[in-house]
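Chemist: What TrEMBL shows for this protein is this:
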| type | residues | note |
| --- | --- | --- |
| COILED | 220-247 | coiled coil |
| DOMAIN | 131-207 | domain 'Asparagine synthetase' |
| REGION | 1-23 | region 'Disordered' |
Amino acid sequence: MPSEESTPDAAAGPEKWAGAPDRATGRAGLKELQAASPARAWNLVEINVSLEELQELRRARICHLVQPSDTVLDDSIGCAVWFAARGAGCLVAPGGVRPYRSQAKVVLTGIGADEQLAGYSRHRARFQTHGLAGLNKEIEMELARISSRNLGRDDRVIGDHGKEARFPFLDENVVSFLNSLPVWEKANLTLPRGTGEKLILRLAAMELGLTASALLPKRAMQFGSRIAKLEKRNEKASDKCGRLQVISLENLSIEKETKTQYPQCNNIH
């Protein structure tokens, strides 16, 4: 089990984040895991981040790691993943919660499941307008662009903590197996939300005893954690993120100022 370290702000005002949707599903998931495998020690680390800390660390570190990605979605996910990978928060224990910092060196992410198993709402919309052929094309496009759209950003953000990002759903054998199946064996979008998408994964979870988790509808981490609405509530995920753009302009100004003050460095490559 990872060793514990004190984290000064980890336990400050946890009630402020108690209403986040992922907080409730996380605790419910912990109980399911404990019931399914009671001999194993399971650690649920709840991470509370203030607006001030978010803004400070975005400016100091996260904005550089997320670039060249620059949308509101990239900002929300990049920040959420960075704080999750840091692993500093509160450990949920039988006697309550206590400050904790994970010493794990590997971070497993679920990226690739939604892309391959029709987990996004756009997959359902595509199926409704263009049928199985359209859904297949959408999934092919998702997998073709996942490296440039997601993997580089997440790998850099996680690696900033000296940890290794691993993507089980993008393992070569997993991808090959899923590609060998017809789409209707992986998802059934005639079924309701929370059932039909990622159907093969839900069935596997039920076989493992994770019945309640298997029936949960998808909730993006930026909404489940509420990080997406912490600063501005009227943004679209695809919008250029003004917070990242402002920081980028500041960095550009610093670079220009440096070249002006130290022209001898301009030809160094």
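Glycine is treated like the rest: Cβ placed from N, Cα and C.
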Chemist: Per DSSP, what is the residue tally for the domain 'Asparagine synthetase' (131-207) in helix, strand and coil?
Modeler: 54 helix, 3 strand, 20 coil
Chemist: Looking only at the domain 'Asparagine synthetase' (131-207), what is the model's average confidence as pLDDT?
Modeler: 96
